[in-house]
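Contents: one structure, followed by commentary.
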Amino acid sequence: QNHNSTVEFILLGFSNYPELQGQMFGAFLVIYLVTVLGNAIIITIIFLDQSLHIPMYLFLQNLSLVDLCFSTVITPEILVVLTSEKATISFGGCFVQMYFILLFGGTECFLLGAMAYDRFAAICHPLSYPVIMNKSVFVKLVMFSWVSGTMMTTLQTTWVFSFPYCDHKEINHLFCETPPVLELACADTFLFEVYAFTGTILIVMVPFLLILLSYTRILFSILRMPSTTGRQKAFSTCASHLTSVTLFYGTASITYLQPKSRYSPDTKKLMSLAYTLLTPLLNPLIYSLRNKEMKRAVVKLWQRKVTLHTG
């Protein structure tokens with residue numbers, strides 16, 4: 001039988017824990033609303049405040065846009081799965097969801113790499129920073145992030161859905177992610193797994209190594225700083241960025257570097273939630289709440305709004 005016999009898939013979600021579905025729905029809804037609000041605020045503030053139109057904040061604006069889209073592609077579907085007795089998704093719907101998950105996930109990897117390079121240039125080469133990270137370099141790095149994500153995604157998603165799926169319909173997951181969908185293919189997927197492993201190494205590990213290299217150089221520069229306050233401030237910035245990076249890369253690489261891993265389905269679901277829900281939620285907090293310029297911009301815009309209303 002060819003794959004046309006599978007018109008739709010059934011997403012099992014956490015159906016083996018019916019008593020927890022209500023609490024999960026509430027928690028995921030709150031996470032989603034906070035994620036949308038946090039990232040939308042960052043996008044808007046950077047757009048409205050001219051003083052923030054520098055590479056560091058424009059990278060952050062792009063990251064917030066990716067996180068906002070990433071979360072929107074996944075969380076509403078999870079909420080449907082948690083409230084349905086039998087959550088189904090069409091073959092085409094599953095393709096579209098997987099495509100955008102991979103697109104935004106891949107783009108985020110490259111953007112985090114570019115952001116680390118930007119910080120390295122600013123901290124380690126402050127005098128030549130305007131030349132190293134000029135507008136042209138910034139635009140090229142952002143374009144490269146989006147184009148690379150799109151190319152890898154198009155190839156991978158098309159390949160996954162070219163396999164025959166026969167009568168296997170139940171995806172033991174919360175959304176259409178590559179590994180759980182691939183488990184249902186009734187064909188030899190070895191070649192694809194070799195490709196996916198190679199692709200993941202390129203998309204995940206290359207930017208990750210760039211980040212580690214950048215932060216290693218940054219830490220050495222910080223240790224040479226004469227001021228204790230300056231060192232503490234720089235360490236604090238590095239620590240928050242690295243927290244976000246480790247959470248995202250750690251869970252994503254575990255999921256994608258071994259598509260047919262020996263982890264239980266429930267463990268895989270929790271690992272997927274770590275980088276699909278928590279990272280978009282935490283990034284606005286990590287990157288902006290500890291940033292004086294962002295706080296100043298928020299206060300300035302708020303004061304302007306109050307003045308307009310009272311005037």
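Every residue, even glycine, has its Cβ placed from backbone N, Cα and C.
With a threshold of 8 Å between CB atoms, the same-chain residues lying at least 6 positions outside the transmembrane segment (24-48) that come near it are 14, 57-58, 60-61, 64-65, 67-68, 71-72, 75-76, 78-79, 82-83, 277-278, 280-281, 283-285, 287-288, 294, 297-298, 301. The feature transmembrane segment is assigned by TrEMBL to 24-48 (among others).
The domain 'G-protein coupled receptors family 1 profile' feature in TrEMBL is assigned to 38-287. Looking at the domain 'G-protein coupled receptors family 1 profile' (38-287) alone, the prediction's average pLDDT is 86.
Per TrEMBL, the feature transmembrane segment maps to 60-83 (among others).
Positions annotated as transmembrane segment by TrEMBL: 95-117 (among others).
Residues or ranges marked as transmembrane segment in TrEMBL: 137-155 (among others). The list of residues near the transmembrane segment (137-155) in space but at least 6 beyond its ends in sequence, with Cβ under 8 angstroms from a Cβ of it, reads 55, 58-59, 62, 99, 102-107, 109-111, 114, 117, 199, 202-203.
The transmembrane segment feature in TrEMBL is assigned to 194-213 (among others).
If you look up TrEMBL, you'll see 234-258 (among others) marked as transmembrane segment.
Sequence-distant contacts of the transmembrane segment (270-289), counting only residues of its own chain at least 6 positions beyond either end whose CB sits under 8 Å from a CB of the stretch, comprise 28, 31-32, 34-35, 38-39, 41-42, 60, 63-64, 67-68, 70-71, 74-75, 101, 105, 108, 173-175, 177, 240-241, 243-244, 247-248, 250-252, 254-255, 263, 295. Residues annotated as transmembrane segment in TrEMBL: 270-289 (among others).
Within the same chain, residues 105, 108-109, 112, 115-116, 119, 123, 177-179, 196-197, 200-201, 204-205, 208, 211, 215, 218-219, 222, 225, 268, 271-272, 274-275, 278-279, 282-283, 286-287, 290 sit at least 6 positions outside the transmembrane segment (234-258) and bring their C-beta atoms closer than 8 Å to a C-beta of that stretch. Distant neighbours of the transmembrane segment (95-117): 56, 59-60, 62-63, 66-67, 69-70, 73-74, 77, 89, 141-142, 144-146, 148-150, 152-154, 156-157, 160-161, 175-178, 181, 203-204, 206-208, 210-211, 214-215, 241, 244-245, 248-249, 252, 275-276, 279; these residues of the same chain sit at least 6 beyond its ends, with a Cβ under 8 Å from one of its Cβ atoms.
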